[in-house]
Amino acid sequence: MARFGTQKLYIDGGYVDAGSDATFEAINPATGEVLAHVQRATQADVEKAVESAERGQKIWAAMTAMQRSRILRRAVDILRERNDELAMLETLDTGKSYSETRYVDIVTGADVLEYYAGLVPAIEGEQIPLRESSFVYTRREPLGVTVGIGAWNYPIQIALWKSAPALAAGNAMIFKPSEVTSLTTLKLAEIYTEAGLPDGVFNVLTGSGREVGTWLTEHPRIEKVSFTGGTTTGKKVMASASSSSLKEVTMELGGKSPLIICADADLDKAADIAMMANFYSSGQVCTNGTRVFIPAQMKAAFEAKIAERVARIRAGNPEDENTNFGPLVSFQHMESVLGYIAKGKQEGARVLCGGERLTEGDFAKGAFVAPTVFTDCTDDMTIVKEEIFGPVMSILTYETEEEVIRRANDTEYGLAAGVCTNDITRAHRIIHKLEAGICWINAWGESPAEMPVGGYKQSGVGRENGISSLAQYTRIKSVQVELGGYSSVF
C-alpha cells in the first residue's frame, strides 16, 4: 500500500473524488517507492472547479483589502509552522535534499506570500485631472478566475509564486501541479482553507498537462494562465490560451544561461558560483548557468578548482540532512540526462568529472546521476545548445570581451546570465549587453520576492514576483467624471 494512500482533488474548500477511477503514481525518485496514487481530474471536474472558483472569487473580491491581507498572512504563519513537515514531503516527492527543501522551498514560497499580503492594501487607482469641471479616475480590478500550471522542480514554491499575487489582487486560482510532483500543492490548498480563504478561491486539479492543462487553458471563463515549464510546451499553452478567448499569459520557460568569468575575477569565488549555478537542486533549476565561459589562460586553474569542489559534493539519501545532492526527479528524466551526457562524449567534449549514473549500493534504487563537468566544449555541441535540466556543466574558453558577449547571446533562450569580475565598470558593461531577464554580478541564483523574474526571447513572457507581477493580475477601468454641463453636437 502506498505510504500516503490515494490523493484526491481539492475543489471548493475540501477534498473530492475525481469523476473517474483513473490515477497515476507519485514515486520517490531516491528509492522507487510508490508514495501515493493520485487521482486524475476529468473535464467535468474542471467545470466544477471553474464554477467553484467563480463563486469564491466574488466573495473574496468583495472583502476589504485588510481582510484579504490578514487571511494571506495567516497562511504564511501556517506555512512556517509546518515548514519541516512540508519540506520532508517535498523531499520524498522530488528527491531534493532535505537540507535544501527545509531552508529554501517553503521558506522562500512563504516569503513571497508575505510580500504580496503586505501589498494588498497598496492596490490603488489614479485620479487624473482634465479641466476644472472634469477628471478621470482609474480602478484596478481583479481579472476573475486564473490558472496556474506548475513545473516539477519547485512544486510548492511555484504554487506560491503564482497564487500569491493572484489572490492578493482579488482573483481565484485553479492550480494544476506537475504530474510528477503533485503532493505538496494539495497541502497548500489545505493551508489556504485553514487560514480562512473562501471555498473555491484556490482549487487544485491533478492530472496530465495534455488533458487537464489543455482543458484549463482552453476554458472560455478563465481570464489568465501562468505557466512554468519547457519552451515547447509553453508555446502550446500560449497558443491554446490565446486562440480560445484571448487570455492573458505569463510564461517562465527554459534557459541555457551563460556565466562569464572575467580575467580579473577571484577564481575561488567564481568556482563557488559556478558550482551553485550548475549543481544546486541536482542541476534541475531553470536559471542554471550551464555555459561557463572562462578566459583561455585560466582554464586549467579553473578546472582544478571545479574538480576539487565536485569531489566534495555529498550525494546520498535526500532525507539525510547531511546530503546536499539528491537524485533527479524521475527515472524518465534520468534517462534524458544520461542521453545528453552520452551525446557530449560522442561530440568530443572531455569529461572532467562524473559522466555516468551512480549505481553503487543504495544509489542503484534511485535516479542518481553523478555531477558531471564537460570541458573542451564548443558552441555547436548539443550539450552547449540545448537545455539539459540536470547536473551537467559545460566549460568554454574565450579570448575577448566582445567575443564572449556575442557567444553568450547566441541562443534562442534569454532567461538568466551572470558575470564574475572585480571591475564594477566591466560588470555593468557586460550585464547591460547580455540578452537575459535575470542577471547576477558575483552571485548566482537568489530570487527574492522583491525581484521580478522572467526571460527574454523564448525563455518567457511577463514577470513573476516584484510589484510588477501584482499589476499583471489586475485590469484597469478608466472612468471620466463630468461635473459641469455637457454639450452635444446634435
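Heads up, residue numbers simply count up from 1 along the chain you see.
Placed from the backbone N, Cα and C atoms, the Cβ positions cover glycine too.
What Swiss-Prot says about this one:
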- K162: active site, charge relay system (ACT_SITE)
- E252: active site, proton acceptor (ACT_SITE)
- C286: active site, nucleophile (ACT_SITE)
- E464: active site, charge relay system (ACT_SITE)
- I27, D93, V180: K(+) 1 binding site (BINDING)
- G150, A151, W152, K176, P177, S178, E179, G230, T231, T232, T233, G254, C286, E387: NAD(+) binding site (BINDING)
- L246, K457, G460: K(+) 2 binding site (BINDING)
- C286: cysteine sulfenic acid (-SOH) (MOD_RES)
- E248: site 'Seems to be a necessary countercharge to the potassium cations' (SITE)
DSSP three-state call for T233 (NAD(+) binding site): helix, strand or coil?
helix
Restricting to the same chain and to sequence separations of six or more, state which residues have a Cβ under 8 Å from that of K162 (active site, charge relay system).
G148, G150, M173, F175, S226, T228, E464
Could you state the whole-number distance in Å separating the C-alpha atoms of L246 (K(+) 2 binding site) and E252 (active site, proton acceptor)?
19
Could you measure between T231 (NAD(+) binding site) and G460 (K(+) 2 binding site) for me? Cα positions, answer in whole angstrom.
8
Roughly how many Å lie between the Cα atoms of E248 (site 'Seems to be a necessary countercharge to the potassium cations') and E179 (NAD(+) binding site), rounded to a whole value?
24
Spatially, and counting Cα to Cα, which of the recorded positions is closest to E179 (NAD(+) binding site)? Options: I27, E252, C286, K457, G460.
I27
Cα within 10 Å of C286 (active site, nucleophile) is the criterion; apply it to the recorded positions I27, W152, E252, K457, G460 and give the hits in sequence order.
E252
Rank the binding-site residues G150, P177, G460 by how many other Cβ atoms lie within 10 Å of each Cβ and give me the one with the fewest.
G150
Would you mind pulling the DSSP three-state label for E179 (NAD(+) binding site)?
coil
Would you pick out, from the recorded positions I27, V180, L246, C286, the residue whose Cβ has the largest number of other Cβ atoms within 10 Å?
C286
Looking only at E248, E464, the recorded positions on record, which one has the least crowded Cβ, with the fewest other Cβ atoms within 10 Å?
E248
Near K457 (K(+) 2 binding site), which residues of its own chain have a C-beta under 8 A away, given they sit six or more steps off in sequence?
T411, E412, Y413, G414, E435
Based on Cα coordinates, which of the following recorded positions are within 10 Å of G460 (K(+) 2 binding site): I27, D93, W152, V180, T233, E252?
E252
List only the single closest residue to T233 (NAD(+) binding site), chosen from the recorded positions I27, D93, V180, E252 by CA-CA distance.
E252
May I ask for the distance between V180 (K(+) 1 binding site) and the residue listed as 'active site, proton acceptor', taken between their Cα atoms and rounded to an integer number of Å?
18
Using C-alpha atoms only, work out the spacing between P177 (NAD(+) binding site) and D93 (K(+) 1 binding site) and round it to an integer in Å.
12
